[in-house]
Each structure stands twice: as structure tokens, then as C-alpha cells.
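Have a look at the structure below, then the notes.
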């Protein structure tokens, strides 16, 4: 963000203080079609907006005089230690925001020692991402396609590259209706590709594209049996992303997955579903510690992270703010976004009387205001 000295005429760079500063910068500097794509929610965007509002309805019950002179934000996900309980959610097309795209995101996540879930719809390949941040802790987000060979090949590639888990996204049998993308006739610019599928679709040019690949490629018949199929072709832990009910959480446990991400796809799929944070408690109660539970959607401050952990999430994942960081300053911008959240989380945690992650629990939440 720049402010100009009226008299001298020179510009100075203002400090980025919170995540909404990055949002404002990105909105100002990205093209309208790109901004609309990242910001899009389905239909009337009620669920997208409620993801944010739901956090504001939750109140904290801070404890005082607890000696918070020393604090520790470290935690583990799937047995791997990360520096704080915020990871990078899978979002598509990072090259639209910054020329280095996912390579910059991967480096930033590696530098702060947290988990980066790479999107199937990356504009850098899984190989380029692994090479850019060889010591990074990465999971891979997967869709199931009508042609199972596509999914199978990519699973084999990421497993051989050292990705540590598969995140099966289950809330997209069909793509949600994102009105501005339709109005803008959103398309990837010619110089960008969904790199993981380069050369895999030998279709005629007459076939319409949807978000960079031929339309109707996703398999709407996906069911719980496909979870078992996925487990049969990989040794990697399987985490299911897109669960919003205790019934499906129970089924996930029954099917032997290692974790679930409570998610409504950033409000981009079914409009009118619950905010992710509002669905979290019933899912945590249903799984009873048998598998790890994560949440995404609407996290903008360190106190949001604290609220999610108090309600039982092991870790949260952020999507849009990562893209805003990229738009601001690439790798450095993403690192700043993550660092601000880490600092805010540590501050909220200590102001609430918690010295470490294990001291965060539901007693911190004022349920009467939910």
C-alpha cells in the first residue's frame, strides 16, 4: 500500500498490519476477472460471507494471571511438527496473482515451517513445487476424474515426490455457480496452464473448457467406495476435505481416513450451507479424537485461529489470504501473511491465558453467544 507525500510528491510504502490490508492491495492491483475469480462465492455468496461473520459471533472467555511470559505455538499434524497451527489451503491458479505462482507459495510455507496443501489446479507442476521447496512439508489435494487413470497417475507422481498426504476434495461432483465468473467468461490466459495435466487431454478445440481443463472431466458418481479405491492405490494417508455433518464424519472414520477438513469450499459450492466454523463442533464430537479434524474458510485473524482450536480443530488452513499475499509481493508477501497470523495467534493465545496449544480448550468459548 502506498501513500504519497503531498508536498514532496514521493511515495512511501505503508506497513501491512493485518490480512485485510493485503486484501485491499490485491483488489486494487489484480485484474477484475482475476479478483472476481478468487473472491467468488456460489450464487448469492451467503455461505462465503457467513464464513467470516460466524467467527465474529463467537466470544472468548480469557483467563488472567496465568504467567504467559513464555509461549509456544508449535503443534503437530499427522505426526509432523509445524511452527503454528495455520497451514496453506489448496487454491488454484497462483500464477494469476504472481508470476512465480505456487513455487513462491511453497517456498514461503517452507520458510515458516508449516503445511502447504498443493492444489490439483496449480499453474506450476507438482515437480516444480517439490524442487522449489525440497524441505517443505506438503500434502496434495486431489479430485476424482471420470478417467481414473488421470487421478492414479497424479497420485503416483506426488507419492514419488515426497508429498506426505492426499487431501481428497469431495464437495465438487459439479462446480458451483459463480456468477461473476460466468459474467466475465473467466478463462486462464493463454500463457498459463493447469500444469499437472499438461499434454494429458488430447481433445478437439471444440470441447468447452471449465477452469483450465475440458468440461465434464470431474466424476459426479464419486462415492465412499472411491475412498477405498484411493486407499488401495497409495500408501499415503487420506484426508477428506469438504465434510460439514456428523453423519459424514462418522462415515469418514468408518472408512479409515486419517483426517477430515471441515470445509464448504470457501462458500464456492453449495450456497446456504453452514459456515465451516459452525459445523466444526458436531464433527469434533462425532469423531471423538479417533482422527484429526481441521477447518478452513473465513479465518482472517489470530483470534479466529484460537477460536477454531478451542472448538476442537487441530489446525486451520487459509486460502484467499495466501493469494492476496502473493499479489502483494510473491513469496515475501505470503510469508508476511503467515507471520502476521502467527504473531496475532500468539498474542490472542497469551491474552486468553494459554501458554501452549494443549491449554486451549472449549472453556475458552462463551457458548451463550453462539
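Every residue gets a Cβ built from N, Cα and C, even glycine.
As given in TrEMBL:
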ACT_SITE  265  active site, proton acceptor
BINDING   37, 143, 178, 263, 265, 268  glyoxylate binding site
BINDING   90, 91, 92, 119, 141, 169, 241, 296, 297, 298, 299, 300, 319, 320  FMN binding site
DOMAIN    11-370  domain 'FMN hydroxy acid dehydrogenase'
For residue 141 (FMN binding site), which residues in the same chain are close in space, meaning a Cβ under 8 Å from its Cβ, but six or more apart along the sequence?
90, 117, 118, 119, 120, 167, 169, 241
What whole-number Å value do you get for the CA-CA distance of residue 297 (FMN binding site) and residue 263 (glyoxylate binding site)?
7
So how far apart do the FMN binders 90, 91, 92, 119, 141, 169, 241, 296, 297, 298, 299, 300, 319, 320 get, largest Cα to Cα in Å?
22
The record lists 37, 143, 178, 263, 265, 268 as binding glyoxylate. What's the largest Cα to Cα distance among them, in Å, rounded to a whole number?
20
Cα distance (Å, whole number) from residue 319 (FMN binding site) to residue 143 (glyoxylate binding site)
17
Highest Cβ count within 10 Å among the binding-site residues 92, 299: which residue is it?
299
Of the recorded positions 92, 265, 299, 319, which one sits closest to residue 37 (glyoxylate binding site) when you measure Cα to Cα?
92
On average, what pLDDT score does this prediction assign to the domain 'FMN hydroxy acid dehydrogenase' (11-370)?
95
Greatest C-beta neighbour count within 10 angstroms, which of the binding-site residues 37, 143
37
Other C-beta atoms within 10 angstroms of the C-beta of the residue listed as 'active site, proton acceptor' total 25
Whose Cβ, among the binding-site residues 90, 297, 319, has more other Cβ atoms within 10 Å than any of the rest?
297
Quick one: Cα separation, residue 263 (glyoxylate binding site) versus residue 319 (FMN binding site), in Å?
11
If one measures from the C-alpha of the residue listed as 'active site, proton acceptor' to the C-alpha of residue 178 (glyoxylate binding site), what distance in angstrom results, rounded to a whole number?
12
